[in-house]
Amino acid sequence: MSSLLMTRSRGTWGNFNRFWASQSFAQMAGQVLYFGLPLLAASSLDLSASAVGLVTFFQFLPTIIFTPLAGLLVDRLDRRTALLVCHGARSVVLVLITCWWMLDPASMSSVWLAALGCGSLNAVADIATLAIIPEVAPKDQLSSANSRIQTSLAVAQVAGPSAAGFMVGLGTFSLPVGAGLAFLFALGLGLGFTVPQRVDAAGASRSTGTMPGSAITQLRDAVRIVVRHRLLRALIIQMGLFNLFEQAVITLFMLYGLREFGLSASGVGSILSLGAVGALVGSLLAPRLMRRLDRGIVLAVTMGLASLPPILLPMLSSASSLVAGVVSAGVFLTYGWGLTAFNVASITTRHELISHGEQGRTSAFYRLVAYGALSLGAGLASWLTAVLTLRDALVVPIAGLVVSYLGFVRQVLGGWRRPSRRGSSAMRDRREGVVPDR
């Protein structure tokens, strides 16, 4: 396993903020494309429903397939260079797609290739971003740094759908041109931040995270680091279970809100969008919670805010549309608040416990579990509606959220211990991934 350490030159907020600004443009462009490409396919290009569904599928497919490879690349190559190349390459892809649409305005294949190409580059860029954060964050300010990144993501999730709709309304070419320019801005701003060099145990400078051994060995080592540490293992298990049941709940609520609550499609959409508003609040408040409370308590409380409020949804079947809508809005607002605050605490914990040389591959492992569970969650919702009534189908994943949360609380409250000054060397060893905390 790696024993790489980073020369923790005291990062400055100025350097981190340049990285943050670059990522803010990239995240906004990514959200615009995520919502805009299917919308463009359905409206301006007038593609069939199945073709539109494939656009979304091709955006997620690379994340599942290429994530392990992305983790290897990020740990083997210079992470800053890998990230900036992804920004520039996404701009190039969008320029080429724009030219294609000029020649063939109704091309279905071009939209699929745009989704597949940008999705593949997103997989690498997302892993590189997670790996770079602990290297450029100011000393002892990881929670605040992760909070800023999550705040930008929350803003992009709130503004992205509206921006995508506006661009598609302007014309076919507006979406790729606008997103391409945002990626170019991300590239330009990214040239302004630096990543401190890391050194090995002998003091030799290294600019990359390259490690000995085959790719399979390196991936296996990264998985071993996660599963052997009690808290890291609890986090990845909870991430998988939560995403599985959460995606099923969200999918089923779209039908439940329409059929049981009598809400309009726009009303259901507005309620779900409040999750992004709650995410913005959670990202801003998370660092304060982490400074004042024990880490295990923060993880338990914030995950509870995300997992427990949906219990109210099946209880509203006999309520009026107004009451059901208001309570549902509160449920998703609280859920978004808790989930994003939990993400800040969870990512910060991973950054603190995992060595910098392993950040790419371990982040890839977490993302593979997360996105795989999301895909299974949508399938679970489909299967439940085929064998149960809509209300009973909704109860099943909500019960899953509660049960998995209770198991997580039991693990996490015993899995985090604040390092004392005498225990600082042990914490350092854990960050190197060589001391499993069973």
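Using N, Cα and C of the backbone, Cβ positions are placed for all residues, glycine too.
Annotation source TrEMBL lists transmembrane segment at 25-45 (among others).
Among the features that TrEMBL reports, transmembrane segment is placed at 51-74 (among others).
Residues of the same chain lying 6 or more positions beyond the ends of the transmembrane segment (81-103) and with a Cβ under 8 Å from any Cβ of it are 22, 26, 29, 73-74, 110-111, 113-114, 117-118, 121-122, 124-125, 128-129, 132, 172-173, 176-177, 179-181, 183-184, 186-187, 190-191. The transmembrane segment annotation in TrEMBL covers 81-103 (among others).
Through the fold, the transmembrane segment (177-196) approaches residues 6-9, 11, 15-16, 18-19, 21-23, 25-26, 28-29, 32-33, 36, 78-80, 83-84, 87-88, 90-91, 94-95, 98, 132, 135-136, 163, 167 of its own chain, all at least 6 residues removed from its boundaries and within a Cβ separation under 8 Å. According to TrEMBL, the feature transmembrane segment maps to 177-196 (among others).
Per TrEMBL, the feature transmembrane segment maps to 234-256 (among others).
If you look up TrEMBL, you'll see 262-285 (among others) marked as transmembrane segment.
Residues 235, 238, 242, 246, 249, 253, 256, 260-261, 282, 286, 289-290, 323-324, 327-328, 330-331, 334-335, 337-339, 341-342, 345-346, 349, 391, 394-395, 398, 401-402, 404-405, 408-409, 412-413, 416 of the same chain sit 6 or more residues outside the transmembrane segment (297-316) yet have a Cβ under 8 Å from a Cβ within it. The transmembrane segment annotation in TrEMBL covers 297-316 (among others).
Summarising the annotation, TrEMBL assigns transmembrane segment to 322-347 (among others).
TrEMBL lists 368-388 (among others) with the feature transmembrane segment.
Per TrEMBL, the feature transmembrane segment maps to 394-413 (among others). Long-range Cβ contacts of the transmembrane segment (394-413) within its own chain (Cβ-Cβ under 8 Å, at least 6 residues beyond either end) map to 230-231, 233-235, 237-238, 241-242, 244-246, 248-249, 252-253, 256, 296-297, 299-300, 303-304, 307-308, 310-311, 313-314, 377, 380-381, 384, 388.
For the transmembrane segment (51-74), the list of distant contacts is 33-34, 37-38, 41-42, 82, 108, 111-112, 115-116, 118-120, 122-124, 126-128, 131, 209, 215, 218-219, 222, 359-365, 367-368, 371-372, 374-375: same-chain residues at least six beyond its ends, Cβ to Cβ under 8 Å. Among the stretches 234-256, 322-347, 368-388, the one making the largest number of Cβ pairs under 8 Å with the transmembrane segment (262-285) is 322-347. Nonlocal intrachain contacts for the transmembrane segment (322-347), taken as residues 6+ away from its ends with a CB within less than 8 angstroms of a stretch CB, comprise 130, 133, 143, 146-147, 150, 154, 235, 239, 253, 257, 260-263, 267, 270-272, 274-283, 285-287, 289-290, 295, 298-299, 301-307, 309-310, 312-313, 316.
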